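Peer 1: I have a structure I would like to understand better, so I am pasting it below and will then ask my questions one at a time.
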Amino acid sequence: MAAEICREEAAKSMPAAAAGATAIARRRRRVEGFRFAAGSLEPPQEDADAGVARCGKRQRVAGARAGAGAATAGPCRPSAGAEFGSRWWPRYGVTSVFGRRREMEDAVSIRPDFLRGSTSSGKHHFFGVFDGHGCSHVARMCQDRMHELVVDAYKKAVSGKEAAAAAPAWKDVMEKGFARMDDEATIWAKSRTGGEPACRCELQTPARCDHVGSTAVVAVVGPNRVVVANSGDSRAVLCRAGVPVPLSVDHKPDRPDELERIKAAGGRVIYWDGARVLGVLAMSRAIGDGYLKPYVTSEPEVTVTERADDDECLILASDGLWDVVTNEMACEVVRACFRSNGPPSPPGCSRPKAVLPPPAGASGGGGGDAVVKGVDKAESDKACADAALLLAKLAIARRSADNVSVVVVDLRRPVP
């Protein structure tokens with residue numbers, strides 16, 4: 001089913017002249033964008049490093065191109081049973097591709113059990129997609145620091161309370177975490193006098209690091225609820241009983257409430273290749289972008305959703321996917337992949353693994369690398385990895401002009 005969708009969209013998008021040499025060259029370049037660094041993360045030990053799938057994102061200025069994408073997946077849930085137990089462990093898959101961009105400016109962060117030692121109310125898992133613009137610096141900073149700042153805010157929220165009974169206001173926790181992330185990005189931008197090697201900041205004269213920013217959509221998945229915080233136009237969608245439930249709303253400058261907020265702050269929305277803040281930025285909220293403050297704010301919108309028996313999956317993705325794929329279609333692709341791989345395994349059983357090529361460029365660099373940390377094996381949960389990859393391919397087939405990063409989290413209960 002999912003493969004048929006991709007083939008149909010590819011057929012629609014390719015003109016009759018695609019048989020020519022130019023079209024063949026384009027397809028070859030597109031295929032090059034699907035190199036992977038992959039792995040599976042075991043449940044963390046006391047000092048185990050959390051998993052990260054890493055990349056970079058946006059703009060059309062030529063720059064160095066290194067690795068191209070990342071795919072990683074979580075292992076089988078070690079224990080679940082009839083209830084969402086405190087040791088519940090999600091499966092997940094990640095795909096990031098260049099698409100039609102010269103550079104990768106997306107970044108993805110996967111941090112299993114990231115509140116370890118801070119709560120006794122069950123394991124909580126952090127998933128984040130960061131879509132950079134101007135360069136990948138801020139997206140990479142969010143990738144490395146956002147989960148740590150959320151942990152700090154969480155600890156302060158439960159300070160002086162019994163950890164098991166503490167029910168922190170997640171809205172406040174996320175807002176403080178995002179605010180500190182924005183402060184760090186602003187301080188970094190002011191301290192820079194030029195770009196890093198092999199990044200586009202150095203191509204600007206003078207180098208303007210305060211022109212760099214990133215969207216941020218973050219999900220904290222726990223045994224009983226899913227918390228989503230969003231700033232920008234990346235998106236989180238929950239699939240529940242086959243019906244897509246948006247857990248975030250894109251921050252576009254022409255969204256009525258955002259337009260009023262920008263005007264109240266003294267800014268303007270100019271329609272130049274779409275609605276843009278001051279005719280520049282195509283989103284109304286982001287981390288960084290110091291030169292557009294206070295019109296562009298980092299304050300996230302936060303939703304807290306109680307988990308249900310018929311939850312199937314959570315999809316986080318950059319606008320490279322959502323610009324061309326509807327919520328309904330994305331959910332159907334994931335459900336088709338889940339059906340083809342069978343029901344979730346019972347506790348203690350291994351899922352089928354999809355073995356992928358070794359990393360294509362695993363060293364850090366100036367914004368175009370794909371790095372997976374804390375991974376020992378080149379393998380991925382098949383259902384989640386298939387779903388994430390198919391969604392990325394579908395976006396490319398539908399002529400997405402951006403980097404595409406997709407995270408698929410399996411929320412289904414295991415079959416006893």
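Cβ atoms are placed via backbone N, Cα and C, with glycine included.
In case it's useful when we look at the structure, here is the feature table from Swiss-Prot:
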DOMAIN    91-411  domain 'PPM-type phosphatase'
BINDING   D131, G132  Mn(2+) 1 binding site
BINDING   D131, D319, D402  Mn(2+) 2 binding site
COMPBIAS  343-360  compositional bias 'Pro residues'
REGION    343-368  region 'Disordered'
Peer 1: What is the number of other Cβ atoms found within 10 Å of the Cβ of D131 (Mn(2+) 1 binding site)?
Peer 2: 31
Peer 1: Work out how many Å separate D131 (Mn(2+) 1 binding site) and D319 (Mn(2+) 2 binding site) at their Cα atoms, rounded off.
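Peer 2: With the alpha carbons as reference points, the distance is 8 Å.
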Peer 1: Using the structure shown, find which entry in D319, D402 (the binding-site residues) has the sparsest Cβ neighbourhood within 10 Å.
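Peer 2: Comparing Cβ neighbours within 10 Å for the binding-site residues D319, D402, D402 has the fewest.
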Peer 1: What whole-number Å value do you get for the CA-CA distance of D402 (Mn(2+) 2 binding site) and G132 (Mn(2+) 1 binding site)?
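Peer 2: Cα-Cα distance, D402 (Mn(2+) 2 binding site) to G132 (Mn(2+) 1 binding site): 11 Å.
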Peer 1: Hey, how far is D319 (Mn(2+) 2 binding site) from G132 (Mn(2+) 1 binding site), Cα to Cα, in Å?
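Peer 2: If we compare the Cα positions of D319 (Mn(2+) 2 binding site) and G132 (Mn(2+) 1 binding site), the gap is 11 Å.
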Peer 1: Around the C-beta of G132 (Mn(2+) 1 binding site), how many further C-beta atoms are within 10 angstroms, looking at every protein chain?
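Peer 2: I get 33 for this one.
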